[in-house]
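Notes follow the structure.
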Amino acid sequence: MALPVYSLKSHIPITTIASAKMNYTPNKGMITANGRSRRIRLSPNKIVACAGEADRTFPSQSLEKTALFPDQFSEKNGTPSNFTPPNREFPPSFWNNDIINSITASHKVQTGDRKRIQTLISEIKNVFNSMGDGETSPSAYDTAWVARIPAVDGSEQPQFPQTLEWILQNQLKDGSWGEEFYFLAYDRLLATLACIITLTIWRTGNVQLHKGIEFFRKQVVRMDDEADNHRPSGFEIVFPAMLNEAKSLGLDLPYELPFIEQMVKKREAKLKMITTNVLYTIQTTLLYSLEGLHEIVDFDKIIKLQSKDGSFLGSPASTAAVFMQTGNTKCLEFLEFVLRKFRNHVPSDYPLDLFERLWVVDTVERLGIDRHFKKEIKDALDYVYSCWDERGIGWAKDSPIADIDDTAMGLRILRLHGYNVSPDVLKTFKDENGEFFCFMGQTQRGVTDMLNVYRCSQVAFPGETIMEEAKLCTERYLRNALENADAFDKWAIKKNIRGEVEYALKYPWHRSMPRLEVRSYIGNYGPNDVWLGKSLYMMPYISNEKYLELAKLDFNSVQSLHQEEIRELVRWCKSSGFTELKFTRDRVVETYFAVASSMFEPEFSTCRAVYTKISVLLVILDDLYDGYGSPDEIKLFSEAVKRWDLSLLEQMPDHMKICFLGLYNTVNEVAEEGRKTQGHDVLGYIRNLWEIQLAAFTREAEWSQGKYVPSFDEYIENAQVSIGVATILLITILFTEEDDILSHIDYGSKFLRLASLTARLANDIKTYQEERAHGEVVSAIQCYMKDRPEITEEEALKYVYGRMVNDLAELNSEYLKSNEMPQNCKRLVFDTARVAQLFTMEGDGLTYSDTMEIKEHIKKCLFEPAT
């Protein structure tokens with residue numbers, strides 16, 4: 001049959017293959033005319049001739065009236081008279097054109113924003129590059145203790161007069177001393193008491209002294225109403241001891257108040273727990289508060305527990321107290337070292353090098369700006385890893401005491417970045433009752449340290465029971481904290497720690513997509529958060545307005561690009577005729593979110609487009625094969641795909657023509673892009689993937705039509721293909737900016753199999769009951785029950801869930817272990833498995849996205865700017 005070719009100008013048939021020496025090659029989508037080739041795309045209402053780089057489109061008259069398959073769009077459908085498609089309607093897409101256009105008109109990224117982004121990146125790189133032993137704010141409390149030290153030359157002057165001058169110059173307007181930008185009564189009371197004692201000792205600053213006493217007298221009577229949630233570390237030890245000292249100095253302060261009596265009782269109870277054996281042989285947190293233990297401590301014995309740097313747990317106050325009792329030169333050298341750094345004051349804790357580096361890395365990662373600082377992050381983590389200890393780490397490289405907060409943060413981040421670290425380090429912080437605490441042998445724990453252990457526990461590998469124990473313990477603790485309205489922290493005062501805990505519990509790692517976490521943390525991050533030792537302190541390299549500003553600008557810039565891509569994909573879907581199909585789900589935006597929530601960077605634009613198009617086609621063909629198409633139609637469609645033959649279109653009903661042309665055109669276009677990217681032809685490779693996919697769909701259709709329930713193993717073998725994850729990924733990886741990618745992953749890859757299997761099991765767990773109501777008899781749960789007729793449905797469900805959890809742990813191991821698979825490919829595979837967990841969190845989130853929380857996630861990630 002002669003094929004007419006349409007003139008690009010007149011739209012009139014100008015020749016035929018016979019008269020123009022033209023050849024049409026169906027499997028390549030090419031027309032060759034007089035020796036020149038053009039690729040064509042066919043769709044229900046147009047032919048697009050591709051010449052050179054640009055597509056040139058010319059409308060045809062209705063194709064059923066032409067000689068190009070003259071009956072291809074006729075009303076005949078060839079459906080067997082005894083086949084009736086199921087009467088199942090899917091919800092329409094929430095994301096229609098009006099909604100998309102109205103939302104995406106909300107903001108545009110300006111040129112000034114892009115310049116500001118570059119400026120902020122440069123400034124934050126400077127933060128990384130200037131990290132030393134830790135940037136932290138002044139501690140009036142510790143500075144007052146250092147200012148007490150008399151000159152070592154015997155003169156009646158302070159050894160560090162600049163610290164005394166700092167106290168005189170830094171009294172706050174209300175007469176107190178302490179953290180200026182955050183009022184915490186405990187902090188102000190303790191710092192003020194320390195300062196007025198120091199001024200009394202040196203008989204100076206009468207004005208400041210009287211103002212300080214006045215503040216103290218007014219504030220201490222209000223302390224009965226203060227909650228214990230943010231009482232500074234060691235307050236009950238040092239505060240009563242300092243009151244005794246103030247009394248001996250003749251300071252006119254109230255000493256008989258209920259609050260003071262309560263603190264005295266707490267101190268006595270704590271001192272009773274201290275044994276001589278522990279005090280002088282084991283480094284514990286008591287070393288942090290030695291200034292409050294002078295009446296019971298033999299300071300000559302305590303010296304042997306001194307840290308390498310000469311301090312006692314990095315506390316200037318504790319170290320100053322020991323020096324005044326012993327004259328130890330290493331104590332003095334430490335204080336001189338700190339003052340060389342800070343000049344006229346000292347911080348609450350120093351150094352804080354490990355703490356600062358880990359929290360800065362965690363901050364930029366959670367805010368989604370880490371891609372701008374890859375080298376800086378590696379340098380910071382190399383430093384931390386060089387200090388890693390199998391017993392755990394503390395806040396500084398030479399800290400003699402490990403804490404679970406820094407250890408858990410370090411374990412999680414180092415493992416995620418490929419460092420070899422063992423979770424056995426957590427055993428240090430587990431007591432005989434199976435509970436986890438911040439310090440070995442202590443009973444203290446707070447929300448942030450338990451939250452960090454919980455986050456850490458989720459990067460577990462198979463067989464790591466300590467991680468499972470940590471997860472159960474911390475999850476229980478955090479849920480109780482929320483239920484009891486006790487989501488306050490012992491170690492930090494954060495903008496929205498409750499929000500952080502709620503997010504972590506609702507969206508654990510395998511369900512939390514990167515952009516979803518970023519959007520949440522932008523709202524929870526506090527650029528003015530403060531930490532709590534013996535006094536409040538700020539860490540400007542951790543809590544910083546610049547991080548938040550960059551996070552918002554960067555998020556909105558990327559989001560603007562994503563919106564442009566969505567509009568293009570919606571147009572593609574419409575021009576392909578897919579919106580006219582009534583039997584399937586229109587889920588362009590949802591499938592785009594599935595990839596953009598992970599591979600969000602501008603350089604992965606083609607990757608996102610391909611992922612979305614393949615996903616849309618999978619949804620359509622899944623619905624076609626899953627009951628709407630008759631057995632003969634399915635067989636015909638599969639044969640057309642196998643032969644890649646457009647001539648079979650004339651035997652198809654209209655809806656199948658749309659499906660086949662959409663698949664045909666998209667695969668050819670993707671293959672051409674893949675050839676450019678990979679440097680070799682990939683059309684055969686992509687077609688083969690689709691043949692495998694449709695074979696799996698066909699097998700499921702045969703099971704459904706025959707009411708056949710396979711064995712569990714037989715089901716799993718097919719189901720991990722039919723879920724479509726492998727088809728999506730094995731095509732999309734061609735566009736992850738990696739060379740020779742196909743040498744690293746294929747259908748036999750364990751990593752890919754686990755991603756497919758966990759996605760399938762998650763889907764079955766949440767949808768099998770609804771599918772059964774629609775006549776489906778095959779799911780992992782039903783197949784497992786067939787193999788074991790004696791078990792209940794609940795037991796089968798429990799088994800399938802346990803299998804999925806174990807496979808997720810295996811997936812962790814495959815993702816994080818060191819091998820030759822490129823990181824971008826790993827990330828795409830792993831996050832596709834994660835997004836499957838997210839979509840099935842409440843049920844079938846793809847089908848019913850308009851009524852589930854997934855809709856809100858899409859809004860926040862793709863349409864609502866961060867403000």
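The count begins at 1 with the first shown residue.
Glycine is treated like the rest: Cβ placed from N, Cα and C.
Feature annotations, courtesy of Swiss-Prot:
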- 1-49: transit peptide (TRANSIT)
- K270, K490: substrate binding site (BINDING)
- 403-406: motif 'DXDD motif' (MOTIF)
- D622, D626: Mg(2+) 1 binding site (BINDING)
- D622, D626: Mg(2+) 2 binding site (BINDING)
- 622-626: motif 'DDXXD motif' (MOTIF)
- N763, D764, T767, E771: Mg(2+) 3 binding site (BINDING)
Seminar exercise, completed: Lying 6 or more residues past either end of the motif 'DDXXD motif' (622-626) yet within Cβ distance under 8 Å of it, the residues of that chain are 90, 583-585, 634, 637, 655-656, 659, 694, 697-698, 700-701, 704, 722, 724
Exercise. Using DSSP, how many residues in the motif 'DXDD motif' (403-406) fall into helix, strand and coil?
Worked result: 3 helix, 1 strand, 0 coil
Exercise. Apart from N763, D764, T767, E771, which residues in this chain have a Cβ no more than 8 Å from the mean position of the Cβ atoms of those residues at the Mg(2+) 3 site?
Worked result: I765, K766, Y768, E770, S779, T840, D844
Exercise. Rounded to the nearest angstrom, how far is the Cα of E771 (Mg(2+) 3 binding site) from the Cα of K270 (substrate binding site)?
Worked result: 61
Exercise. Can you give the mean pLDDT for the motif 'DXDD motif' (403-406), rounded to a whole number?
Worked result: 96
Seminar exercise, completed: DSSP puts the residues of the motif 'DDXXD motif' (622-626) at 5 helix, 0 strand, 0 coil
For this session: Let me know the most crowded of the binding-site residues, choosing from K270, K490 and counting other Cβ atoms within 10 Å.
Result: K490
Exercise. Taking the Cβ of D622 (Mg(2+) 1 binding site) as reference, which residues of that chain separated by at least 6 in sequence fall under 8 Å from it?
Worked result: F697, S722, G724
Problem set entry | Residue among binding-site residues D764, E771 with least C-beta crowding, 10 angstrom cut-off | E771
Exercise. Between K490 (substrate binding site) and T767 (Mg(2+) 3 binding site), how far is it from one CA atom to the other, in Å?
Worked result: 42
Exercise. Looking at the binding-site residues N763, T767, E771, whose Cα is closest in space to that of D626 (Mg(2+) 1 binding site)?
Worked result: E771
